[in-house]
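For reference, the structure is listed below as structure tokens.
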């Protein structure tokens, strides 16, 4: 019945069966993949009302993850708030890029400091801490509510003892770190009004609007990157589908070598930056 209600609204554009299963499972506090085992479980009046409320909100366009207040990312349940974006599968490309860098530079047991600028829910750092047992993590966000959400996620997932999430204006309050990651706002201001309703009406504008060309945040971060990044360190930026050349150009102009990481569709999603090595002057005969 729930799936039929959603299908009547979204038709072939939606995923009514999946959405209804996730919403009902959240109300009943049952894992979605185990819901069929509870077909004959009695549903209380309060639970029925809550399911109806969730369906009404979904029909009104609110994303499922917003309704239930969480989204899975890198195998972790990430709590959300109105101040945070919903973590997307595309962002796992950034996590994979960082792990590949560790694999090339001494392995995943290295004791390094990783900072995330615009941390939101903390999903990126939490994923990295789950795969890198010796790192310490610092997440900064312009929103105090987002920083609190990330802090709560770290506490619930058992990473509070090696992480710190604070309100901060990009890298201004940041000391030197070994690895920097960022998924900053990168949508051009003029196209925000035309975004999908689920994004336009429910995602925080602070995490979306990247200025006239979508590059405002990248410019601010890259301008301070030489000071922030420790020798031998690396920075990783998620970018929009058509922005990797522009962000790469900004990094090269600032003196960094760049490497591009693509998603499964071949779209450039993450730009990796390392400081260009400067050779020592040598004599005439080497």
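Glycine residues also receive a Cβ, built from the backbone N, Cα and C atoms like all the rest.
Values in this document were obtained by computation on a predicted structure and should not be read as measured data.
Features as listed in TrEMBL:
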- 12-69: domain 'Release factor glutamine methyltransferase N-terminal' (DOMAIN)
- 112-234: domain 'Methyltransferase' (DOMAIN)
- 118, 119, 120, 121, 122, 141, 170, 183: S-adenosyl-L-methionine binding site (BINDING)
- 183, 184, 185, 186: substrate binding site (BINDING)
| request: Compare the C-alpha of residue 186 (substrate binding site) with the C-alpha of each of the binding-site residues 118, 121, 122, and give the closest one. | output: 118
| query | Can you tell me how far the Cα of residue 119 (S-adenosyl-L-methionine binding site) sits from the Cα of residue 184 (substrate binding site), in Å? | reply | 9
| note | The DSSP breakdown of the domain 'Methyltransferase' (112-234) into helix, strand and coil residues is 51 helix, 30 strand, 42 coil
| Protein Cβ atoms within 10 Å of residue 118 (S-adenosyl-L-methionine binding site), excluding its own | 24
| task | Using all protein chains in view, find how many other C-beta atoms are within 10 Å of the C-beta of residue 185 (substrate binding site). | result | 21
| request: Determine, to the nearest whole angstrom, how far the Cα atom of residue 120 (S-adenosyl-L-methionine binding site) is from the Cα atom of residue 184 (substrate binding site). | output: 10
| field | Residues 118, 119, 120, 121, 122, 141, 170, 183 [recorded S-adenosyl-L-methionine binders]: greatest CA to CA distance in Å | value | 16
| message | Same chain only, sequence gap of 6 or more: which residues have a CB within under 8 Å of the CB of residue 184 (substrate binding site)? | response | 117, 118, 210, 217, 218, 221, 237, 238
| field | Cβ-based neighbourhood (8 Å from the centroid) of the substrate site, residues 183, 184, 185, 186 excluded | value | 118, 182, 187, 207, 210, 217, 218, 238
| field | Residue pair residue 185 (substrate binding site), residue 170 (S-adenosyl-L-methionine binding site) - Cα distance, angstrom, rounded | value | 12
| note | DSSP composition of the domain 'Release factor glutamine methyltransferase N-terminal' (12-69), residue counts helix/strand/coil, works out to 42 helix, 0 strand, 16 coil
| 119, 121, 183: which of these binding-site residues has the highest Cβ count within 10 Å of its own Cβ? | 119
